[in-house]
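A.B. asks: Could you have a look at this structure, given as structure tokens, before my questions?
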Amino acid sequence: MKIAIVNDMPMAVEALRRALAFDPSHEVVWVATNGAEAVKYCAELTPDLILMDLIMPVMDGVEATRRIMAESPCAIVIVTVDRQQNVHRVFEAMGHGALDVVDTPALGAGNAQEAAAPLLRKILNIGWLIGQRGSRVRSAPQPLRSGAPRQSLVAIGSSAGGPAALEVLLKGLPKDFAAAIVLVQHVDQVFAAGMAEWLSSASGLEVRLAREGEPPQSGKVLLAGTNHHIRLLKNGTLAYTAEPVNEIYRPSIDVFFESVASFWNGDAVGVLLTGMGRDGAQGLKLMRDQGYLTIAQDQNSSAVYGMPKAAAAIGAASEIRPLDKIAPRLLEIFAK
């Protein structure tokens, strides 16, 4: 994979170079010391992946991410020395299209390969996404066997650009919205709680992490909160699971949508928002095949038109709508 590094700290650049050297398939194609340089270099030679710092002179990583995704789009992972201190900047960058975030590997760590492992795992996952490898063949959902009372559910999946898209969508819904909402966003579990808090603050709705064994409930907004998949069980409750292991990116939107298609006992709408790759497209198709309404975000309003495009290509979306029209549509569907 051709990788670029954007960081103004020589020690951080060296730490990243050493970490990448553990995988000979990775090649550093250029290094920029600030965001403005990165925008320029990316236009001249667009890499497969950029490892982007947040705080830099001239232009920071948030603005650089915005510019690059608008002008020379490619996969971007935020690499920072203190994720928790920079949580709001991280979500800003993800709103502009960054895919993930990871700590800068420690230079001179006792076990250098172990220190590099989290970064290399992220890069492996990103490679799977940008490669857009074919999805596994999925069987049709099993007949509904849930004895849970009938309710309404909105199942939402998002990836690159998702935080900002979710903010817009949730802002358009009232606090007494008539359906349960479950969000599956590609975000590391370290950041899931922070993202729930950020979405709560930004949208005005109460957003919290989904708990093992709880059912979706009307008026509640639940966010998948671990690096395992989240799925609906036939008794109507939510569960985290490591299976299927062949779904590399976790949590998988496909896994959740498929479980809704199989086991949800009530009205439901599937919504697939901005994101890179194909995750969610097949699951959305299964929801549509089961008679549920499905919505994909349109190209013009998507930060990254990958997942919604894949859904549109296979006929998974009943409707394709601009982001700002999705919440009004949900209000129409679930009007009290």
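Heads up, the Cβ atoms here are built off N, Cα and C, so glycines get one too.
In case it helps, Swiss-Prot gives these features for our protein:
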| type | residues | note |
| --- | --- | --- |
| ACT_SITE | Ser159 | active site |
| ACT_SITE | His186 | active site |
| ACT_SITE | Asp279 | active site |
| DOMAIN | 2-119 | domain 'Response regulatory' |
| DOMAIN | 143-336 | domain 'CheB-type methylesterase' |
| MOD_RES | Asp53 | 4-aspartylphosphate |
A.B. asks: Write down the Cα-Cα distance for Asp279 (active site) and Asp53 (4-aspartylphosphate), rounded and given in Å.
C.D. replies: 26
A.B. asks: For Ser159 (active site), what is the secondary structure state per DSSP, taken as helix, strand or coil?
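C.D. replies: The residue in question, Ser159 (active site), is coil (DSSP, three-state).
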A.B. asks: Could you measure between His186 (active site) and Ser159 (active site) for me? Cα positions, answer in whole angstrom.
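C.D. replies: Each residue's Cα considered, His186 (active site) and Ser159 (active site) end up 5 Å apart.
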A.B. asks: Which secondary structure state does DSSP assign to Asp279 (active site), in the simple three-class scheme?
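C.D. replies: DSSP assigns Asp279 (active site) to coil.
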A.B. asks: Please list the DSSP helix, strand and coil residue counts for the domain 'Response regulatory' (2-119).
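C.D. replies: Here the numbers are 49 helix, 25 strand, 44 coil.
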A.B. asks: For the domain 'Response regulatory' (2-119), would you mind checking the mean pLDDT of the predicted model?
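C.D. replies: A mean pLDDT of 91 is what the predicted model shows over the domain 'Response regulatory' (2-119).
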A.B. asks: Calculate the distance in Å between the alpha carbons (Cα) of Asp279 (active site) and Ser159 (active site), and round it to a whole number.
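C.D. replies: Cα of Asp279 (active site) to Cα of Ser159 (active site) measures 9 Å after rounding.
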